[in-house]
Amino acid sequence: MALTRIGLAGLAVMGQNLALNIAEKGFPISVYNRTTSKVDETVQRAKVEGNLPVYGFHDPASFVSSIQKPRVVIMLVKAGAPVDQTIATLAAHLEQGDCIIDGGNEWYENTERREKAMEERGLLYLGMGVSGGEEGARNGPSLMPGGSFEAYKYIEDILLKVAAQVPDSGPCVTYIGKGGSGNFVKMVHNGIEYGDMQLIAEAYDVLKSVGKLTNSELQQVFSEWNKGELLSFLIEITADIFGIKDEQGEGYLVDKVLDKTGMKGTGKWTVQQAAELSVAAPTIEASLDSRFLSGLKDERVEASKIFQGDYSTGLPVDKAQLIEDVRQALYASKICSYAQGMNIIKAKSSEKGWGLNLGELARIWKGGCIIRAIFLDRIKKAYDRNPNLANLLVDPEFAQEIMDRQAAWRRVVCLAINNGVSTPGMSASLAYFDSYRRDRLPANLVQAQRDYFGAHTYERVDMSGSYHTEWFKIARNSKI
Ligand SMILES: NC(=O)c1ccc[n+]([C@@H]2O[C@H](COP(=O)([O-])OP(=O)(O)OC[C@H]3O[C@@H](n4cnc5c(N)ncnc54)[C@H](OP(=O)(O)O)[C@@H]3O)[C@@H](O)[C@H]2O)c1
């Protein structure tokens, strides 16, 4: 057997599909997995799916030696300790100049630690975010490789072909930057995904609970929305979901799904990072909190008995107007959510000196990944117009879009509040906008309180310098 071009270790959902994708693009690939049955399964799939050049190995030594030098091995195993274990297994057989790429959802600092450790052994290392789930991995994901640029160059030709291809904007891959930047960007991508999903769920809730739309009406509405500015993978699959009947009973499957959302951690990391960087990300935070609250199913059922009653206003609702308002509210809320995600990336990039190109990130998210959307093109253009944009909201095009939609947005949030329907994501987005656009906030009072009880000092609007006032003494004297 001739040597293969690349290797892939870890053949669960993502690894198996990415290996087949790489082979299909004409790159012979060696595959390995700790549990060897998955190796045979992958080789069998490769045969069935077109005699693809996939070569399976049951032991790491022969796996590594089957790859041409400098060897490149992509790992797709569970993040954390399994990555360290797989590195140890592979590195025992790798030679100076070879490279390991972690394609999992790894914490960026782990990647930086491993890159250093690999460097000491003369090995190169990349942390590469892979988005698009099973389908994306097989047919074209969005790829976010960060770390050694030299390693990226080894496999650039493969990545350019394997990634999703978007007409007019090219393959959904770019060298992200140094260190753990690829993992960090993928993490924020997932945080943005949490926000998108929450906002869509709220649109559904308002239309269903206040507008009384049926599933088939919801399917129509989301299909219609998917023809315009909201066109995206998540809106498309949402429309599909509303059309699927329950094969095990009456009605639609969506109504039988338990209202408890799972999570694997990247959304939580995004929120933790936002806090670490002092970047406001209320929409993404609201989406995480909503998942936490959804998990309290039993408590919520009990609470619903205590707080039972009809929370609806009972006022008539103009369905057509409501649908249009919710569409606009969703779009405006989404702008705020992306603005927050981009600001997290921007802050981290300047903290770490990564020099990340935000417009380029929007471009590689246009295809392959879960948040792919026509809207990302506008974000790319906004950063092309001004790479140092302080916030997406102040880009002239987005600013105009927000202004055009704010009346509808406020109507939807008020309607939801008045009818007892929670819209934490839309409300947080609106509050974000209303805070950001105001030149004076009630922060003066908070600062006065801080100075009152803690002598934290304050600045003045009319004089420079730092001031402290004996608020307590003055107040006590004035009370006497
Ligand atoms: N699933 C998705 O949609 C998706 C999307 C994007 C990114 N990701 C990320 O991609 C990575 C792979 O995801 P996945 O869903 O395909 O698989 P997964 O369920 O996260 O991991 C399973 C793989 O990890 C291996 N593994 C687990 N513990 C190991 C250990 N101690 N030593 C060696 N190998 C070990 C398993 O080997 P055995 O077969 O021997 O157990 C198997 O190959 C993860 O980081 C995930 O977060 C997943």
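If you go along the chain as it appears here, the first residue is 1 and each next one adds 1.
Every residue, even glycine, has its Cβ placed from backbone N, Cα and C.
What TrEMBL records for Lys186 is active site, proton acceptor. Residues or ranges marked as active site, proton donor in TrEMBL: Glu193. Here TrEMBL flags Gly10, Leu11, Ala12, Val13, Met14, Gly15, Asn33, Arg34, Thr35, Val77, Lys78, Ala79, Asn105 as NADP(+) binding site. According to TrEMBL, the substrate binding site annotation covers Asn105, Ser131, Gly132, Gly133, His189, Asn190, Tyr194, Lys264, Arg291, Arg450, His456. What TrEMBL records for 182-472 is domain '6-phosphogluconate dehydrogenase C-terminal'.
Checked against ligand 1, the recorded positions His189, Glu193, Arg291, His456 give no residue with a Cβ under 6 Å from it. Other C-beta atoms found within 10 angstroms of the C-beta of Asn33 (NADP(+) binding site) number 25, with every protein chain shown included. If you take the C-beta of Met14 (NADP(+) binding site) and look for same-chain residues 6 or more apart in sequence within under 8 angstroms, you find Leu76, Gly103, Gly104, Val130, Gly133, Glu134, Ala137.
In sequence order, the list of same-chain residues 6 or more apart from Thr35 (NADP(+) binding site) whose Cβ falls under 8 Å from its Cβ is empty. Long-range Cβ proximity for Glu193 (active site, proton donor), meaning a same-chain Cβ under 8 A and a gap of 6 or more residues, is found for Leu234, Gly267, Ile370, Ile371.
Of the residues the record lists as binding NADP(+), namely Gly10, Leu11, Ala12, Val13, Met14, Gly15, Asn33, Arg34, Thr35, Val77, Lys78, Ala79, Asn105, the two whose Cα atoms sit farthest apart are 21 Å from each other. Of all residue pairs in Asn105, Ser131, Gly132, Gly133, His189, Asn190, Tyr194, Lys264, Arg291, Arg450, His456, the annotated binders of substrate, the farthest apart have Cα atoms separated by 49 Å. Look at Asn33 (NADP(+) binding site): DSSP puts it in coil. Averaged over the domain '6-phosphogluconate dehydrogenase C-terminal' (182-472), the predicted model has a pLDDT of 97.
Distance noted between the C-alpha atoms of Asn105 (NADP(+) binding site) and Tyr194 (substrate binding site) is 15 Å. Neighbours of Lys186 (active site, proton acceptor) among the binding-site residues Gly10, Ala12, Lys78, Gly132, Arg291, His456, defined as a Cα within 10 Å of its Cα, are absent: none qualifies. Of all the recorded positions given, namely Lys78, Lys186, His189, Arg291, the one with the smallest number of surrounding CB atoms inside 10 A is Lys78.
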